[in-house]
């Protein structure tokens, strides 16, 4: 059976940590683990997912939950509550449901204090890792037989009915992910017509029916070129010379959004090298299978700008295509010939210097999974037997996750993000005496996960921002500061600082709190909004050069409603506890941030959410920030409009439900059939509670609470529904812990802020 291990480093000499691997999550297969009954339970969960895969596409993350509940000997002993039609919700009913949720969720905490959870969903994460390991000859070492079975299970589980795969697990079929999944199946040993339910034959038919892989988008062209299934001359240029441009130029990598910079850094190295993996018999077979014409007859120059309509979310402006054409025709031919190839050699050396710097400052985790595989391959190309590559191999397990739908690759983990919200939800429950050990461990995890130092050396020359005092999205080893993760963790530390140390442990040192505030202030823009990773401010026109076809707003850093709201809430709380620290700066920061939130409100009263679905999510965040800063329904028209938006979008069953299509379409779209989603319902509930809806008319809150109470499962869990996370407008992300955190939190706020009748009265 599969088993989740936390905070374990093992004895690998190529593995090192800044805090003894606190927050690390790795899976191992133990053939002797589990009883026959437990193994049967796992198989039942797999079968249930398979049979319902078109109805509920995200996993319920069952495997590790079974493991933890067994290890903790958890049994739900608090009786379940249901609210009948026409029945009032009593204080006792709300308390019982809340206690059941709190006890169940506390049992899912890891020993190091964090809450593990799947953070995956995009279907272009895993195949490049399989391709990279195939090229480097490490596939069978890293992924033995049991791993390969689970990878194939995941691919089969998320194949669409038409034979293709979407950009993410809920998306329509795309050429990019269908081609990658097909290649992955073939590398893992499936025949050209093999796989569950004829998966390969159906996938190949989809590919050929939609123009063959000549229509794959640019990232696909890159990976296929690396693998030997495409010619580099069919790709737009990615010159590594960008890394030796003068820094004052607007298109210098230092001006880019960090993820864009980090993806194209190793891509440009591999492009500059024109690296191609070994041409094996399988590669030759795939050349025949993926095209509608003979491989040797393809005019690669003509397919450079081809992109299947199913993949095309962001059409390239004419000016961008002209730029690529100019580089392709006039620049590249010179840079590959003497004497200009000397410049290319220098550019490649500089690029590799940056790759090594980023690898070392993230303990070889890198900033994310797309970059991880590319940087690992670049290190192998530089030196197949070198320590850099071996240190990359040691960190692959950090990205792997196993659930009832198989093995997948995570974004890189949401340990700190999930734990920050989990702690706030549990504290809001006011059930402190029942969960003291849970709170103490959670506090300890947050304290130990703060980034204590800036990136090494002259980090500004490496285009890095300060990170000291921040929290990451995942764990301390990852190293990359994020403003909203920092703000939410800071809120937790401030809440804990007001509680007895015998309950929650020693409070965080003042200087560490000050470092967090300093980091947040450094990420605020002139318009009052906060960026996520690095200061925003590059020219907006650079977005015209977005080289991807399926993302938007990826070239430069932007401000975000969620980051801004989280920072407001943290700053307001900090100001009350430390009124003398940078008083004027913090007051100005809060004022400007509030103005930013008011400025970006949509005409219908909502806010566009950047990291969750979508207008419901953004509106919950914005309302939290505004009310923390003292705005009310009566003194703030912005808040008034937000309340109107939420009231109007409430469903007939009392809940809220928003389609993920709101994110790419940028227009509020209800779930099909006007059904509700419990996570969306929780966000909307908390937004209304922030605005003191209970004082005006508690009916919408009672209706929503009834839905949450009646939806709770026998164990105290809540059912998994639609995917709720998003990034870059068009790609969804599955936060498996959300279905527990937010209903629990909403019920806690409801019980605390809404007057409820008591049975005893």
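Here the Cβ of each residue, glycine as well, is placed from N, Cα and C on the backbone.
These numbers come from a predicted model, not from an experiment.
According to its DSSP assignment, residue 417 (site 'Transition state stabilizer') is helical. Non-local contacts of residue 417 (site 'Transition state stabilizer') by the CB criterion (under 8 A, 6+ apart in sequence, same chain) comprise 473, 474, 485, 488. Positions annotated as site 'Transition state stabilizer' by Swiss-Prot, on the basis of similarity to another entry: 417 (among others).
For the repeat 'PFTB 3' (439-483), the model's average pLDDT works out to 98. Marked as repeat 'PFTB 3' by Swiss-Prot on the basis of sequence analysis: 439-483.
Taken from Swiss-Prot, the feature site 'Transition state stabilizer' covers 473 (among others), and the record attributes it to similarity to another entry. Residue 473 (site 'Transition state stabilizer') carries neither a helix nor a strand DSSP state and counts as coil.
What Swiss-Prot records for 513-558 is repeat 'PFTB 4', and it gives sequence analysis as the kind of evidence.
As annotated by Swiss-Prot, repeat 'PFTB 5' applies to 590-630. Beyond the ends of the repeat 'PFTB 5' (590-630), by six or more residues, the same chain brings 484, 524, 527-530, 559-562, 564-569, 571-573, 575, 636, 638-646, 649, 656, 658-660, 662-663, 666, 668, 680, 683-684, 686-687, 690-691, 722-727, 732 to within a C-beta distance below 8 angstroms of the stretch.
Secondary structure at residue 611 (site 'Transition state stabilizer'), taken from DSSP and collapsed to helix, strand or coil, is coil. The site 'Transition state stabilizer' annotation in Swiss-Prot covers 611 (among others), and the record cites similarity to another entry as its basis.
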Report task. Have a look around residue 473 (site 'Transition state stabilizer') and count the other CB atoms within 10 A of its CB, chains all included. Result -> 23
